[in-house]
Ligand SMILES: NC(=O)c1ccc[n+]([C@@H]2O[C@H](COP(=O)([O-])OP(=O)(O)OC[C@H]3O[C@@H](n4cnc5c(N)ncnc54)[C@H](O)[C@@H]3O)[C@@H](O)[C@H]2O)c1
């Protein structure tokens, strides 16, 4: 099948590469010319395990090409997938300007029947709105159908998720278009869930809002655990063994971040508001998450009293491991706050330092050597559970530091490991470990 993917970000690039891998002829379009030039040289602009290898394999076997020219991409396409960003505006609503711009280009260049699939996360009614927009502006007299196909891949495991997803959600009122999009995904061998367009659009927001709710819920439980002397890790394990609850997304920490949960939860609150429903529960989920980013700072203030002049080593900057994505990462808020409190901040991350430099406070300094970052520090903050961070020897690390004090926002170590290392160790939802000076 001839497939065109518009937008080569985390979703578009991974999807394009995976469609090529299962045998389709894929053209990826992006307006960012630097990105296209880089992709043509076989360099992935994002860090995603196995992406670059699979991309190069398919470029070399002629299944995958990149262009910034809409005409090249759209003219012959049987399926056109829209995977551009839908960031949130100031008021939380999804900004559809990139999707609208794609619609204008499709209307200009489409010459024969194609199925237009929206993969971007878009508010309910957007597929209908974009379909009407294209129809109104069509230059050539042709037919097309719209299909909503929300994307559920997770950064860090995006390739694996594309081949092993739990379901492929497809929403459309055209059975012809649905059959074509089912055929497109056939080789993935993943069950389809077919529904109407509005329900498909809603499934994506509802799924992300529910997962965000699980995270804020366990973070609230964590706060209570700290006060009553329970261990949130055990509480989550014990809860998760109940199949009705499930073990995933019950990891207490400094909250969710990234390019999806923060914006999609805010957008759903707005979608509800537009139909006069106050989504009180989701507003609380968002509020809890914002508060949770302060958890380590509060612990550090209560330990030291004052953070001015303290040298704080930050381990991990990306919003989660195995990605270089800094969008809505907790590290942005935390490093800003530490600097405003007078601390000096030095940061380590195994892959995202170049991205971090563009958005973190300019007073943050960086180093790719984890031991040098911890050297002479008053304390360490762990913000991302990269393997490289989980594998540090706490005892050795403690000896490098001025004070062996750890504030772990991702519960990377057991309390026993912290006790054995003779460090002061503060984590989320568990008792503090304090050195014994006897
Ligand atoms: N990132 C994720 O993990 C994830 C997961 C599921 C769903 N989504 C959704 O998928 C969509 C894309 O997310 P992303 O993270 O891949 O975005 P992204 O910001 O990484 O990439 C978007 C790409 O679109 C390009 N673009 C913008 N306007 C364009 C235009 N008019 N024509 C061609 N290209 C254009 C940009 O240059 C960029 O390369 C969003 O709606 C997001 O909510 C993202």
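Glycine too: its Cβ is placed from the backbone N, Cα and C atoms.
Fair warning: this is a prediction, and the values are worked out from it, not measured in the lab.
The following features are taken from TrEMBL:
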| type | residues | note |
| --- | --- | --- |
| BINDING | 30, 35, 86, 121, 155, 263, 327 | NAD(+) binding site |
| BINDING | 152, 153, 154, 155, 204, 249, 250, 251, 252, 253, 257, 320 | substrate binding site |
| ACT_SITE | 260 | active site, nucleophile |
| DOMAIN | 313-415 | domain 'UDP-glucose/GDP-mannose dehydrogenase C-terminal' |
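Helix, strand and coil content of the domain 'UDP-glucose/GDP-mannose dehydrogenase C-terminal' (313-415), in residues and according to DSSP, is 35 helix, 18 strand, 50 coil. A separation of roughly 7 Å, to the nearest angstrom, links the Cα atoms of residue 204 (substrate binding site) and residue 121 (NAD(+) binding site). The Cα of residue 154 (substrate binding site) lies closest to that of 260, out of the recorded positions 30, 35, 121, 260, 263.
Scoring each of the recorded positions (250, 252, 260) by how many neighbouring Cβ atoms lie within 10 Å, the top position goes to 252. For the binding-site residues 152, 250, 252, a Cα-Cα cutoff of 10 angstroms around residue 263 (NAD(+) binding site) retains nothing. Inclusion criterion for the recorded positions 250, 252, 260: a C-alpha placed within 10 angstroms of the C-alpha of residue 121 (NAD(+) binding site); this criterion is met by 260. The shortest Cα-Cα distance between residue 152 (substrate binding site) and any of the recorded positions 30, 35, 86, 260, 327 is the one to 260. Checking the binding-site residues 30, 204, 250 against ligand 1, the ones with a C-beta less than 6 Å from an atom of that molecule are 30. Within its own chain, residue 257 (substrate binding site) has 319, 320, 327, 328, 329, 330 as residues 6 or more apart in sequence whose C-beta sits under 8 angstroms from its own.
Non-local neighbourhood of residue 86 (NAD(+) binding site): 94, 95, 96, 98, 99, 120, 121, 122, 263, each in the same chain, at least six residues away, with C-beta under 8 Å from its C-beta.
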